[in-house]
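Features reported for this protein in TrEMBL:
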type	residues	note
BINDING	76-89, 281-293	NAD(+) binding site
BINDING	Arg96, Arg106, Arg134, Asp223	substrate binding site
BINDING	Asp223, Asp247, Asp251	Mg(2+) binding site
DOMAIN	4-355	domain 'Isopropylmalate dehydrogenase-like'
SITE	Tyr141	site 'Important for catalysis'
SITE	Lys191	site 'Important for catalysis'
Amino acid sequence: MRVKIAVLPGDGIGPEVVKQAIKVINVLSKKFHHQVEIKEGIVGGAAIDKFGDPLPEETWKICEESDSILLGAVGGPKWDNLPGDKRPEKALLKLRSGFNLFANLRPISIFDELIFSSPIKEEYLKGVDFIIVRELTGGLYFGKPKETRIENGEEIAIDTMIYRTSEIRRIAHVAFKMAQKRKKKVTSVDKANILECSRLWRKIVEEVAKEYPDVALEHMYVDNCAMQIVRNPKQFDVILTENTFGDILSDEAAVITGSIGMLPSASLGETKKGLYEPIHGSAPDIAGQNVANPIATILSVALMFRYSFDLEEEAKLIEKSVRKVLSLGYFTKDLYANNPYAQKMVTTEEMGDLICSVIEGGA
Ligand code: NAD
Ligand code: IPM
Ligand code: MN
């Protein structure tokens, strides 16, 4: 297979973890005789520093001409005082909306060896396997008006939560289709006791559910869901939710897996072109130290091979290789403490190399 991948390392630990993911892409494509052309683009704070624009035209073009996009992370304290439109994070929002990537998939599954890396007790964790289907191009992130202005002599700020029926319907279909291939349960998460958007959300989700009689639907308020994710995560199969709730709940769910450095994501639209990224950010507190966990980014490559290229065997091999390395007790710093399975603390680079060598040898 011949594919073009746009790679956007970004800021902070972004370049460190993406470097490991590129190694994985290279060994995998060599092993399976795929021709992969990688083009790197500058994005986020790095692009602001060089071009005064978080998503320069050149980077957009690289993405446009590619079959899929891999992104590290953007943002950091250096750019925190810029206006919303000029911030590094704006690049991410432009990529998501520009390519119409409305469906953000965030799978949460547990590697048994990491159970003790999580602060949650073992009995609640074994067998947890769910996926958050997060609406990604609507809600508070994009609603207009979005501004800060003076009113009656004081500064006021406005964000607008807006959802259209069509936006809710298309993401609901993604969730129900996903559930059909899994444990056939959708938990739709909203705040319908308070928000108009959530009441419309609930109504449309119920309409869509009628087309999937084999899938059970339940509704849950977001505050309760936040509690249930740590109280009894095994109850979930597919969590369907809007943009902001999905952002917050997925960081919370990361705790179950042992570290936010473990969680990958895929952002998809109507075509095969997707944006793949770890759910974590640029982690300025550990950037440049070669300690960041690259697994979330490496697992995002597995999602890319699965969803954008339909190469399931390759995706599975990445996932099996990650599992193998963990089962041997090689952990990055974030996973190491209090875990009896931990044998050796490894750096970002070492973790990338270990996973690559297992892939080369066949996991
Ligand atoms: P963060 O996810 O960057 O970091 C939160 C905590 O998790 C930190 O203690 C960090 O060290 C740790 N962590 C994150 N990734 C890790 C990894 N791979 N290995 C080990 N530890 C890891 O969130 P934050 O500190 O709230 O945000 C920092 C910056 O990142 C902000 O500018 C934010 O806007 C941006 N951000 C970007 C993205 C993205 O590009 N997709 C996502 C989230 C946050
Ligand atoms: C994420 C991030 C982004 C989001 C930010 C950086 C725009 O937190 O991908 O989870 O809020 O969607
Ligand atoms: Mn987030």
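Every residue gets a Cβ built from N, Cα and C, even glycine.
TrEMBL does not curate its annotations; it predicts them automatically.
Recorded features from TrEMBL, shown on the structure.
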residue	record	DSSP (3 states)
Gly76	NAD(+) binding site	coil
Gly84	NAD(+) binding site	helix
Arg96	substrate binding site	helix
Arg106	substrate binding site	strand
Arg134	substrate binding site	strand
Asp223	substrate binding site	helix
Ala283	NAD(+) binding site	coil
Val291	NAD(+) binding site	coil
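Comparing Cα positions, Lys191 (site 'Important for catalysis') lies closest to Asp247 out of the binding-site residues Pro88, Arg96, Asp247, Ala287, Val291. The Cβ centroid of Asp223, Asp247, Asp251 marks the Mg(2+) site; residues of that chain outside this set whose Cβ lies within 8 Å of it are Val222, Ala226, Thr244, Phe245, Gly246, Ile248, Leu249, Ser250, Glu252, given in sequence order.
Its Cβ placed at the centre, Ala283 (NAD(+) binding site) has 24 other Cβ atoms within 10 Å. If you compare Cα positions, Arg134 (substrate binding site) sits closest to Asp247 out of the binding-site residues Gly76, Pro88, Asp247, Asp251, Val291. With respect to ligand 1, the binding-site residues Gly76, Gly84, Arg106, Asp223, Ala283 contribute Gly76, Ala283 as residues with a C-beta closer than 6 angstroms to one of its atoms, given in sequence order.
Spacing of Arg106 (substrate binding site) relative to Asp247 (Mg(2+) binding site) is 10 Å (Cα to Cα, whole number). Around Pro88 (NAD(+) binding site), the same-chain residues six or more apart in sequence whose CB sits under 8 Å from its CB are Gly10, Asp11, Val43, Gly44, Gly45, Ala47, Ile48, Pro54, Val74, Gly75, Gly76, Trp79, listed in sequence order.
Within the same chain, residues at least six positions away from Asp80 (NAD(+) binding site) with a Cβ under 8 Å of its Cβ are Arg87. Residues belonging to the domain 'Isopropylmalate dehydrogenase-like' (4-355) score a mean pLDDT of 97 in the model.
Around Ala287 (NAD(+) binding site), the same-chain residues at least 6 positions away in sequence with a Cβ under 8 Å from its Cβ are Asp11, Gly12, Ile13, Glu16, Gly76. The highest number of surrounding Cβ atoms within 10 Å, among the recorded positions Arg96, Arg106, Arg134, Lys191, is found at Arg134. All protein chains considered, the CB of Asp247 (Mg(2+) binding site) has 19 other CB atoms within 10 Å.
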